[in-house]
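S.K.: Feature table excerpt (TrEMBL):
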TRANSMEM  7-23  transmembrane segment
TRANSMEM  29-47  transmembrane segment
TRANSMEM  83-100  transmembrane segment
TRANSMEM  120-144  transmembrane segment
TRANSMEM  164-188  transmembrane segment
TRANSMEM  208-226  transmembrane segment
TRANSMEM  306-330  transmembrane segment
TRANSMEM  350-371  transmembrane segment
TRANSMEM  378-399  transmembrane segment
Amino acid sequence: RGINVRVLVILLFLGFGYVFYIGASTSPIIVFVFSVCIVSFLLSIYLTKWVLSKDEGPPELAQISEAIRDGAEGFFKTQYGTISKMALLLALVILSIYLFRNTTPQQESSGLGRATSACITVAAFLLGALCSGVAGYVGMWVSVRANVRVSSAARRSAREALQIAVRAGGFSALVVVGMAVIGIAILYATFYVWLGVDSPGSMKVTDLPLLLVGYGFGASFVALFAQLGGGIYTKAADVGADLVGKVEQGIPEDDPRNPAVIADLVGDNVGDCAARGADLFESIAAEIISAMILGGTMAQRYPSGFILFPLVVHSFDLVVSSVGILSIRGTRDSNVKVPLEDPMTILQKGYSVTIILAVLTFFGSTRWLLYTEQAPSAWLNFSLCGLVGIITAYVFVWITKYYTDY
């Protein structure tokens with residue numbers, strides 16, 4: 001947007017300095033989480049440049065792509081403009097409710113008044129809504145630019161088209177998950193330092209995750225309307241395109257001469273990509289916060305590693321997913337003929353790599369954070385619970401393939 005590069009570098013340097021300062025004042029685990037998230041953001045920048053370096057193909061492809069891009073950005077601006085106004089209105093409602101509700105025993109013991117609790121909840125709500133909106137925009141931004149490049153690559157090699165698509169989706173995934181993790185970690189560390197947690201007469205660290213609930217609520221609020229608006233829009237355009245094109249005019253499905261087809265493709269980008277990004281952000285944020293609250297109840301007897309365990313696990317998610325994304329490669333030489341491969345087989349190879357690394361890092365995380373001398377074998381039981389979930393996820397891939405394959 002024409003921002004001076006030096007000013008931007010200075011602002012980023014100050015922002016990173018603040019983040020690592022509050023992280024170091026909170027826990028070395030928070031510093032680890034911050035470091036992984038920042039590295040994943042740098043990798044996402046690399047993936048973006050790699051995808052955008054690919055050609056857009058002939059002018060006809062670029063013309064249709066620009067129409068879809070303009071429609072998607074226009075819809076996003078209108079939809080999220082309305083959502084932002086509703087979020088501000090709801091923030092005022094939340095503020096008034098918290099100002100008049102009774103204080104909880106945890107607030108009384110920590111000395112948090114109604115006004116402070118209300119401001120903290122509203123600030124977390126607005127930050128969650130903002131991050132959810134950014135996550136949705138990132139999903140839409142990359143999809144409208146990657147689609148035409150995948151189409152262009154498909155004229156040369158199916159393997160190259162698959163690699164561009166995976167890396168474009170990987171960019172969106174790293175940004176969405178990274179933002180969810182680093183947003184919660186920054187809130188946690190900021191409240192920890194600002195409120196003087198665990199100092200005499202202040203809040204206990206076991207009660208701190210309860211202050212993060214507003215973040216998840218803000219993310220859920222934006223994701224709800226993004227899913228509804230984008231989903232209904234794309235279905236309305238899809239049905240309209242089928243009725244007018246195939247039924248009335250007798251032209252092929254998804255023919256670009258039908259204006260409703262362009263609207264349908266706009267809906268695919270804002271509904272399946274932007275809304276999906278916001279929805280995934282909301283799911284991950286709510287999952288982390290709820291697990292941190294549960295960890296806080298266990299940390300009343302055991303170390304605070306139970307509270308930060310969800311953040312560490314999702315940090316390793318970023319590392320494992322990055323390896324899986326980069327493991328899917330295109331052909332080395334476009335002139336060399338290679339045997340035809342099933343794209344699902346290629347994806348499953350990358351997924352198998354991530355599964356193996358996920359098991360190793362999950363066992364390592366549980367041993368690092370959930371080991372206690374009072375129950376020395378408990379961490380292994382937690383690891384086995386996670387292993388059941390990982391195996392179930394892998395089985396679902398085979399079940400889905402069996403019922404939806406050729």
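In case you wondered, yes, glycine gets a Cβ from its N, Cα and C as well.
Note that the structure is predicted; figures quoted are calculated from it, not measured.
Let's see these features in context: how buried, what's close, how far.
M.R.: With a threshold of 8 Å between CB atoms, the same-chain residues lying at least 6 positions outside the transmembrane segment (29-47) that come near it are 16, 19-20, 22-23, 167-168, 170-171, 174-175, 177-178, 181-182, 185, 188-189, 305, 308, 311-312, 315-316, 318-319, 322, 325, 369.
For the transmembrane segment (306-330), the residues of the chain that approach it from at least six positions outside its boundaries are 27, 29-30, 32-33, 36-37, 40, 43, 47, 157, 159-160, 162-163, 166-167, 170, 173-174, 177-178, 180-181, 184-185, 188, 205-206, 208-209, 284, 287-288, 291-292, 295-296, 298-299, 346-347, 349-351, 353-354, 357-358, 361-362, 364-366, 368-370, judged by C-beta separation under 8 angstroms.
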S.K.: Within this structure, do the transmembrane segment (7-23) and the transmembrane segment (83-100) have 3 or more Cβ pairs under 8 angstroms, counting pairs 6 or more apart in sequence?
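M.R.: By the criterion, they do not touch.
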S.K.: Going along the chain, which residues at least six beyond the ends of the transmembrane segment (7-23) come within the CB cut-off of under 8 Å?
M.R.: 30-31, 33-34, 38, 182, 185-186, 189-190, 192-193
